[in-house]
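Down below is the structure, laid out as structure tokens.
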Amino acid sequence: MEQYILDNVDRYQKLVAEFKPSTSSSKGSDTTETSPDIVVSARVRPMLEDELAQGFPVGVHIRDDTNTADLHELQQPVRGPARIRSFDYSVDRLYGPDASTRELYDDLVQPLVPWAWGGGIGTLFAYGQTASGKTMTVSGLERHVAEHMMDGSLDGDRKISMSIIELAGQTAYDLLNDRKQISILEDSFGVTQMAGALEHHVTDKKTLLEYIDAAAALRSTTPTLRNNSSSRSHAICRFRFENPQLPSAKDGLLYLIDLAGSEAARDKVAHDTSRMKEAREINSSLSVLKDCIRGRAVADADSFSGKTNKKPAYVPFRQSTLTKTLKHVFDPASTRSCKTIVVACVNPCLADLGASKNTMRYAEMLRVPMPKAKVMEYNPGIPATWNNEQLRDWIQRNSGEPSVNPAVLAPSENGPQLLRLPTAEFITRCLKTEGATVEQAQAFHTKLWKLHIDSQRNAAKLTVAKTTDTAEASRQELLDSSADPEPDASKIPFQERIRPGMVVSWTPPAEYASFAVNKKCYAMVMCPVQAAGERARDAHGELVNAVEGKGEGYLCALVMPALLPGSFVVGLWRQVVVRVEEMQAEVLMEWDEATRYYYMTV
Ligand SMILES: Nc1ncnc2c1ncn2[C@@H]1O[C@H](COP(=O)(O)OP(=O)(O)OP(=O)(O)O)[C@@H](O)[C@H]1O
């Protein structure tokens, strides 16, 4: 076929020049609305010198000012002159041979960095046939990421750790530890761990780039027909961002993944059996990856459109080591906020058009159109229906004292968008309001989420509640919270209105340190110490009346973190004596019937 192409270059170029794209296509177009959290792009690299020297024409043509590419295949009919068959593919963003990696970074990838810095998970995959430009794209992007992370433009301080691993078949290696073999394991909490992989703390751009270069040098490569040093493995570069101001928040993660090259059939001719096995493994893991990205996009599209009762999309992330490693990106049960970018790398040479068609088809399949969401009527009890103005109004009235600045927390977001913001970013934005505390921000975040979950669980009940007596409804709500029913309570210092059921924070003395969370304890007041019986004992087995200097104190039940994030249980039989001077502040807790836990509120 290569000789046939070379013999028909002039005719091919004439047919391509005459080509008129069809205006009616049943497929999605580049204007099809897809999930904003999964962007599928393609980058067509320039023709390489040897491809030009051999005289091959370009087979991939980008339509002006669109994200659609026409791929014209040369066909050899049984009789008559050569003809072309054309295929068009659309993606969310398409970059041509003149686009630099910098342009790709600024336009597409840059937002992943502040997202992960703020506590979210950002993932970039480069996919494509061997020698299509994946490694060149990812290594260039890694350099721009390194610059961005270290140029001081990101908000706040983070501890940055990085690791780079390689997945070859079922085996994983640490590229920052001399290619030592590591294991991908799921711990008892269902979290995937790269057991044995070293994490390096980085504080400057130079060291970071040195690690990237060292890892690249260790990555296993084999010559293929298309590329003298083809990567036959997936390389995963992971940055983890710890926020020292929020030790309990989940760390932000940024993954940059250079996938192993999918190979064209004509390359496979030269394969021995072990290369065939390797190629099969690569293609099977890329196929599982496609199902996972699509599955997650479908799950996101369902949640955007409010289809919460639908059977959740199946995401087969356990079927390959690659997707198991990225479980928290794909698992529909994961609560982490994710943004994913796919860059399909395309070789424009007509001789490789078959593989380029596969790459573009793969990219197109990753795009899941957003179902037309019903325009939901505004409901004050359903955050998913709030526009920016309604959201800001709710923040103003519900964020506690001092009230969080809505313009900083939600400068442009609507209800669904604020719900997707990573928790750490939500809290960081709240803390920009003078006087706001971490506890207040956490409790406020929980309050928004609780409202959202309640509204999803029982939309019908909410509609009914809207029509019932609001005074009675708020009285009932009070009975599920530790808030003081006294209307003027907030004007009276909490120490002067201590009552059974009040929850307070207190810094525990050394003997109670094991009960502390971030050096703080929470306790629910039960009764004055004097009211406890003579033989009542505290959590350490001491008689409470005999505790020195505690005569003025209250017998309290410890309030301890529970299994779900932000949830608490009351340890009714873990009693402690807390003196009034040791109490720091009143903390409001709310009972959640569905999870049977308490949550902090504001
Ligand atoms: N945008 C580009 N501009 C110029 N040259 C490019 C571009 N992209 C790729 N190349 C060149 O194409 C060749 C193959 O690129 P690269 O090694 O990045 O491909 P790959 O897809 O990672 O291949 P493999 O899967 O086999 O590892 C290299 O010589 C590279 O310099």
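Cβ coordinates come from backbone N, Cα and C, glycine included.
Curation plays no part in TrEMBL annotations; they are all automatic predictions.
As recorded in TrEMBL, the features of this protein are as follows:
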- Gly128, Gln129, Thr130, Ala131, Ser132, Gly133, Lys134, Thr135: ATP binding site (BINDING)
- 37-369: domain 'Kinesin motor' (DOMAIN)
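Location within the structure of each feature annotated in TrEMBL.
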{"residue": "Gly128", "record": "ATP binding site", "Cβ within 10 Å": "27"}
{"residue": "Gln129", "record": "ATP binding site", "Cβ within 10 Å": "25"}
{"residue": "Thr130", "record": "ATP binding site", "Cβ within 10 Å": "25"}
{"residue": "Ala131", "record": "ATP binding site", "Cβ within 10 Å": "27"}
{"residue": "Ser132", "record": "ATP binding site", "Cβ within 10 Å": "28"}
{"residue": "Gly133", "record": "ATP binding site", "Cβ within 10 Å": "22"}
{"residue": "Lys134", "record": "ATP binding site", "Cβ within 10 Å": "28"}
{"residue": "Thr135", "record": "ATP binding site", "Cβ within 10 Å": "22"}
Within the set Gln129, Ala131, Lys134, which binding-site residues show a CB-to-ligand 1 distance under 6 A?
Ala131, Lys134
What kind of secondary structure is Thr135 (ATP binding site) part of, going by DSSP in three states?
helix
Helix, strand or coil for Thr130 (ATP binding site)? Use DSSP.
coil
